[in-house]
Structure formats: C-alpha cells, structure tokens
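**Q** Pulled these from TrEMBL:
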TRANSMEM  78-96  transmembrane segment
TRANSMEM  137-158  transmembrane segment
TRANSMEM  164-184  transmembrane segment
TRANSMEM  196-218  transmembrane segment
TRANSMEM  224-245  transmembrane segment
TRANSMEM  266-283  transmembrane segment
TRANSMEM  295-319  transmembrane segment
C-alpha cells in the first residue's frame, strides 16, 4: 500500500491514448488539481491509510512502556521516594501527621522497622568474615568510637536553627546503615561477609554505646543533661528487643527465613514505609517552625551533611591505608581490595532509623524533633547516592581491568600459536 501511494504521488502523469474522447474531463481534472493542490505528505497519507485499531494499539503500547519505566524507577528508588514523600506530605497537610503522632504511631513504626531488620539480617556469613577480623575490628572502632568525634567539629558551626547542627552531630554518633552499606559492598565486589558482620555487631553494640556517646559529645557541647541510664533502657526496649525478636523468628523457622530471602525487595519496601512514617509525623508536628526556616539555612545544612560523609570517607580511607602500610604493605590484610572496600563503605555510613528512635526517646531535650531529623534525612540520602557512585566507579574499574587482562592473555595465546606454526614450518612440518 505504501509503495502504491508513493508511486501515485511521485510518478509524473504519462500520456495515455484512449479511443474515447475525454479532453474536457482531463482539463477539468487538471484545473481542479491546480486550484486545490495536495498538501499532505507521504507519511501523513500512509498513516491515514493505517487501520484505526493499529494506531490506537501503538498509542496504548507507548503508554504501557512509560508506565513500566515509571514503575521500575519507583521500585529502584523506593526509599528516597518514600522519605521525600513523607516530608512533603507533612509540609502540605500536617493534620493527619499530628493525629498519628498523638496516637503514638511512631512507636509502632519504630518497632516494625527493627523487627523487619531482624528478619532480614543473615548471620550465616559472619563466620566467613573471621579471617579478616582485624579489618572488622577497625571498622567497629571507627563506627562506634572514632567517627563520633566529628560531632564536636559539627557543633562549632554557627547555623540557625541550632537543631540542624545538633541533629547532624547526633547523626554522626550513630552506627552504620542496616542494609545500604552491605548492598553497595556486594555491588562493588567487596567482602560482603565482612560488611555484614560489621553491620550486625555495630548495630547491636551501638544501642549500648550511643547513650554514652551522646552524653559525652553532644550534651556537653549543647549544655544539656542526658539521663544515660534511662536512654539506654529506652533504646534496649525500642531497638534491641524488636531486633532480637525478628532475628529469633528468622532463626526458628527455616521456611520464614527462605521466604524473607526470596522477598527481600518487599521487606525493604515495608521497612522504607515504616521509616517514612517517622519524618512524616515529626515534620507535621514541626511544620510551623519549619516554615520559618530560611531556604538558605536548609541548603547549608544539606551541604554540611555532604561534607560530613566526605570527611568520614577521607578519614577511613587514610586510616585503612596507614594500617596497611604499618601491618605489612601489600601483604597486609588491609591492603586486600575486597576488605578495604567493605571497611570504607560500612564505616563511613550512618543509620537514620536509630537516629530517629534516639530523638524520639530524648523528647525535646535538644530542640524540636522535626528540625533535628530533617537535615539527617537529606544526609542519609546523600551518603547513599555518593557511595553508589563510588561503588559503580570501583565496579567499572574492575571490569576494565579484567578486560585488559583478558586481551593480554588472548594476545599471549595468539603469539604462542604463531611461534609454534613458525617452528613447524622451519623443521618441515605442515
């Protein structure tokens, strides 16, 4: 059909002799063509000749492709979308968030976060990380003892409202993320068993150490007294108990463990929903104060969160390189790329759920909870984005290195075959 239409439009009219006189008709036809010249292009004519069902079908297919692309984007970026949506809903309509806060929904969401975290924690790989125990020990010391010192530097920054600074200082005293660091370590090809071991141990020990870190680094700098024993008891009940409960449920039922492992994306989304409820309620409660904050102050707080993570990366990278030089250079266990990547990623990230739970237990001791949490939500997202770029860089570097080695090996094999054939020709073999 398309070829016929094209020949009809592009082929000049040929002179055809007919036995019947039709001069007047041809003249009228030619005049009508001159008066109303066709302005439709070939593609327009071809499309117009297509059945309407085919046109509507292609439109429907394009719509389905767009829907599938959006769904894939939402699935791959569920956590940042959930957190930003919670903050946005709290700012737009705080009524529901305030009502949920009065009903103590935040305690339920915190309990759910750590039950799900316990269900998803796999301990079978911890034994595989025993060989790299010096690296794991450094990672634990960096997470729980060294990096909290960054809070003193943060508290020196003059920024209003003061809660932005205090919130980031509290954030620097937290243990590592519950899943992001392990996932990025696995993506980069690092020692995921070591990363998992450091994650589990730092979160279990961190619940016991955080009250003392906050009392030492934050309360003294802000001038607030923190009841350490009461905070420790609250964190054990709200964090450690549900975490252990989820872990016991996982270990007691093999079928449940297999179901969780086969549906890890579903459970991570459930955890993200629970986590997004907390900033939604806290932002809703603090909306009146947040609307008074200048946008420039919030941008500065976001920049501080980025600098905090870059500072943690630089500190841990320098420490790992120094320990590698001290303990044997290239033969050191710290110089192994897989161990160094795991330690760098895990020791440089801070967890948001534990920080939110700590702020809830402290009440208004350090200021309005919504102002404390908001810059930490941004810092949490920033560290995941930056570390994903870092993991991708390591992965590309490894792939290029493997490709170069493969090409070198292939060229070596080719040269060996050429040498062998030349030798056979020399001695007379075909």
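Just so it is clear, glycine is given a Cβ too, placed from its N, Cα and C backbone atoms.
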**Q** For the transmembrane segment (164-184) and the transmembrane segment (137-158), check the count of CB pairs under 8 Å (sequence separation 6 or more) and say whether it reaches 3 or more.
**A** yes
**Q** With a Cβ cut-off under 8 Å, give me the same-chain residues at least six positions beyond the ends of the transmembrane segment (224-245) that come close to it.
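**A** 107, 110-115, 117-118, 121, 203-204, 207-208, 210-212, 214-215, 218, 354, 357-358, 360-362, 365-366.
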**Q** Do the transmembrane segment (78-96) and the transmembrane segment (295-319) share at least 3 Cβ pairs under 8 Å, sequence separation 6 or more?
**A** no
